[in-house]
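Below: the structure, in structure tokens.
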Amino acid sequence: MGKDTLTFKINKARNRSKSICVEQPSKFEDPELDIDDENGSFSESYDAVISDTQVKPDDITEQVIEKVLASLPNNDTSGYVKTLKKIKWNEIKIGNRSEKEIQEIFNKAIKDVNKTRTLTEILNDAKKRMESFEQHPDHPKRPKSLFAMYVQDRFQQIRAENPNIETNEIMGKCSEEFKSLSEKKRQKLENRYAAALEEYNEQMSKFQLRHPDLHKPDKKSRGTPKMTSPFAYYWAERSKELEKPDIKAYSDARKEYAELGIMEKVKYIRQYFQDTNEAALSKPERKAYLEARGAPQKPLSAYAAFFQSHLEEYKHLNSTDRMKRIAEKWNKLDKETKNKYTSEANIEMELYNIKWKNFLKTLTKEELKWIELPNPQNKRKKDSDSEDNVNKKKSKVTKPSSSSIPEPVKPPEDVIAYFASKKCDGDKKAAKKKWKSLKDSKKSKYERQLEELQTTYFAELKEYLKSLSHEEVKAYKKRMKQNVKTEEEDDDSESDSD
């Protein structure tokens, strides 16, 4: 042990013994200050009492920032690290603070500030943070979540047991273990979290006392708290039944909600729709709502239909080998057989497109906005320079087929159009006015009639398309797309005239 080190330790021990044996003055004690004076106050004389080495923590940090800023060049354009190396810390003086103490204060002040800038920008940002409640360098951090605590405990253990394991695999293993934790282990974690939260609250109280000038930003009241998802409505309802809703109860409610039936979920989805204009539904919730509203199911592709028809044949294989074997069989199919599957898939898709378009007409504008439904028929951009497009708009394309089955007549797509064909000689404008004055029983009668017509049409259309060749189905598909486009333009022109 060196002589200097030994001398330092002896002096330190002497000072410690003095602090035990001799009554020390209070931290801010001044014999000339009469704090007990009823007209005087400690806060008023605070600045006068503090010595040069007993500055407020915020004042010290601000002084360090200001002095470092003053030492930087006016045209500071270099990177943060490069400029930092040029600072002469021995020239920065603040009372009796040592060079090491000043550097520690400096490092703490810029700890959480973005460093991908010049040092001047970093320090100016640090000054702003000193005035912010949540960004202040002394602001205590909230405790980690239960899962984060568990990962912290297990990460290095798993790494030690499996040296070659990847980080994402460790996280996956931690996630699986966490989900299957026993009640006893979970309770221990929750107790740790509760203790950490209590300590955080104590630190926050101390922080607010140390920094009375900083105030937590007040959030503007918006009346009823915003519900962020349909589940939030379920949890609000469920939590009323509990004495003390805690993390475990919330987690259990999540599982319960996931297992709810479609019609049970729709209740909460509709509540969400009534209170917000945002489309924040999850995919399963969107699917549940669409099914409940009677949306048609999207048909299988040609390969998916082939795959499904051969699952039973290879059920003895594992999933990987089964997929591989069916894919090989598909690739070996002759063109005629493949075309058969493709034609059937095209037929099913055509039927689906028609049903989907009819379904969209049953939804309100609000529902379309909230659910953000994609239209399966992607509209192509209009070619304004093409004269052929103009000609195609004027007349529907027809093409004879070799089928012995006649093409079925397509019924109206909505009940107003059907009512117009029955009672108003096809005049939709007049039909809309008459429809409003109809009794509900009459409206239901027309709706049932149209539904029966459409069901018959889809059955006949399926048989008709099956009787066509592969090329004729493609031609039919093209013709139907053009007809739909023309109908949409007619509808637009009618709405404009209204």
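Every residue, even glycine, has its Cβ placed from backbone N, Cα and C.
Remember, TrEMBL labels are computer predictions, not curated facts.
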Select from 39-66, 123-150, 179-206 the stretch of residues annotated by TrEMBL as coiled coil.
179-206
When you scan the chain for residues with a C-beta under 8 Å from the coiled coil (179-206), skipping those not six or more beyond its ends, what do you find?
140-146, 149-150, 246-248
May I have the DSSP-based helix, strand and coil counts for the residues of the domain 'HMG box' (140-208)?
55 helix, 0 strand, 14 coil
Counting by DSSP, what is the helix, strand and coil composition of the DNA-binding region (296-360)?
47 helix, 0 strand, 18 coil
Per DSSP, what is the helix/strand/coil residue tally across the region 'Disordered' (425-444)?
15 helix, 0 strand, 5 coil
